[in-house]
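Chemist: Sharing the features that TrEMBL gives for it:
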ACT_SITE  Glu187  active site, proton acceptor
BINDING   Asp50, Ser51, Asp89, Lys118  3-methyl-2-oxobutanoate binding site
BINDING   Asp50, Asp89, Glu120  Mg(2+) binding site
Amino acid sequence: MSIIKNDFEKISITKILKAKNNKKLTMITAYDALFANLFQELADMILVGDSLNMSFAGKPDTLSATLEQMIYHANAVCTGASKAFVILDMPFGTYINKDIALKNAVKIYQETNVAAVKVEGGEDRADIVKHLTSNSIAVMGHIGLMPQYVRSEGGYKVRGKTKEDEEQLIKDALAIEKAGAFAIVVEGVLSSVAKKITEAVNVPVIGIGAGNVTDGQVLVWSDMLGFFDEFKPKFVRRYLDGATLVKNAVLQYRNDVQTKQFPSKDEEY
Ligand code: KIV
């Protein structure tokens, strides 16, 4: 079976910037070579998100992801998807000040082929983003609901519900743009506020749980393909019922083994 006709063109930072107001960008997470290879000619960008700590490693949040773990997965993704524009999340604690951030970002560039790193934070982290970009590290920002702040904030909270928070989010976006980020993820924000953020900056805004008003979208692969079926956040659309397909296939395999229908004569030497 062949896939739907595809007009994939490898993206660069210049093309990402030009996409603003021209083309909606698609980003998807990947954590391994197999899926990265499947996604690479379909999505504009592949994010090795620290969400892997939850959906791959089964941990309750992203905070215990380590730099070594992220580098390991980034290498798998870059190997499987050599044509893709790959971005790596800098994990919690690896960019707590300018010097530590630069040391770790350089390590990422030296040990992987990722095109860029992503860091969470707004005005509070703009000096760190500036330090990275002025030392030739390409940075994608991440504002709004920031999963690395889950313990300090006491949960995952939709942002932009008050005038004060709306103003803060716009300040965050402007500060991260000024610091040199080439794009900004805006997560878990009222769509009316995401629209204002998108209009306020000249770099593309990639939304997740922020409505269709942004310059592009990102989804976690296991959510959008329905492999994670414990719960479905409101903003996720499942394009496949992956969990049911996998469970049914494994059940069929078990039945075939038990009834000696697998392997058949054609499947033996
Ligand atoms: O870690 C991740 O997958 C992310 C996306 C949800 C944007 O940061």
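Cβ coordinates are placed from backbone N, Cα and C, and glycine is handled just like the others.
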Chemist: Please report the Cα separation of Asp50 (3-methyl-2-oxobutanoate binding site) and Glu120 (Mg(2+) binding site) in Å, rounded to an integer.
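Modeler: The separation of the Cα atoms works out to 11 Å.
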Chemist: Which binding-site residues from the set Asp50, Ser51, Asp89, Glu120 come near ligand 1, judged by a Cβ under 6 Å from any of its atoms?
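Modeler: Going through Asp50, Ser51, Asp89, Glu120 in sequence order, those close to ligand 1 turn out to be Asp50, Ser51, Asp89.
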Chemist: Using Cβ-Cβ distances, find the residues under 8 Å from Glu187 (active site, proton acceptor) that belong to the same chain and are at least 6 apart in sequence, listing them in sequence order.
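Modeler: The answer is His142, Ile143, Gly144, Leu145, Met146, Pro147, Gly207, Ile208, Gly209, Ala210.
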Chemist: Test of understanding: give the count of other CB atoms lying within 10 angstroms of the CB of Asp50 (3-methyl-2-oxobutanoate binding site).
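Modeler: For Asp50 (3-methyl-2-oxobutanoate binding site), the count of other Cβ atoms within 10 Å is 27.
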Chemist: Provide the three-state secondary structure of Ser51 (3-methyl-2-oxobutanoate binding site) computed with DSSP.
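Modeler: Where Ser51 (3-methyl-2-oxobutanoate binding site) sits, the three-state DSSP reduction gives coil.
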Chemist: Any idea what the Cα distance is from Ser51 (3-methyl-2-oxobutanoate binding site) over to Glu120 (Mg(2+) binding site), rounded to a whole Å?
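Modeler: Cα-Cα, rounded: 13 Å.
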Chemist: What is the set of residues, excluding Asp50, Asp89, Glu120, whose C-beta falls within 8 angstroms of the centroid of the C-beta atoms at the Mg(2+) site?
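Modeler: So the extra residues in range turn out to be Gly49, Ser51, Thr62, Ala65, Met90, Pro91, Phe92, Lys118, Val119, His142, Pro147, Gln148.
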Chemist: On the Cα atoms of Asp50, Ser51, Asp89, Lys118, which are listed as binding 3-methyl-2-oxobutanoate, what is the maximum pairwise distance in Å?
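Modeler: Result: 12 Å between the two most distant Cα atoms.
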Chemist: Expressed to the nearest Å, what is the distance separating Asp89 (3-methyl-2-oxobutanoate binding site) and Glu120 (Mg(2+) binding site) at their Cα atoms?
Modeler: 9
Chemist: Please list residues from the chain of Lys118 (3-methyl-2-oxobutanoate binding site) whose Cβ is under 8 angstroms from its Cβ, counting only those at least six apart in sequence.
Modeler: Leu47, Gly49, Ile87, Leu88, Asp89, Met90, Val139, Met140, Gly141, His142, Val185
Chemist: Taking DSSP as the reference, which of helix, strand or coil describes Glu187 (active site, proton acceptor)?
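Modeler: Reduced to three states, the DSSP call for Glu187 (active site, proton acceptor) is strand.
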Chemist: Near Glu120 (Mg(2+) binding site), which residues of its chain come within a Cβ-Cβ distance under 8 Å, counting only those 6 or more away in sequence?
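Modeler: Spatial neighbours, sequence-distant, of Glu120 (Mg(2+) binding site): His142, Ile143, Met146, Pro147, Gln148, Tyr149.
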Chemist: Give the residue from the binding-site residues Ser51, Asp89 that has the most other Cβ atoms within 10 Å of its Cβ, counting over every protein chain displayed.
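Modeler: In terms of Cβ crowding, the pick is Asp89.
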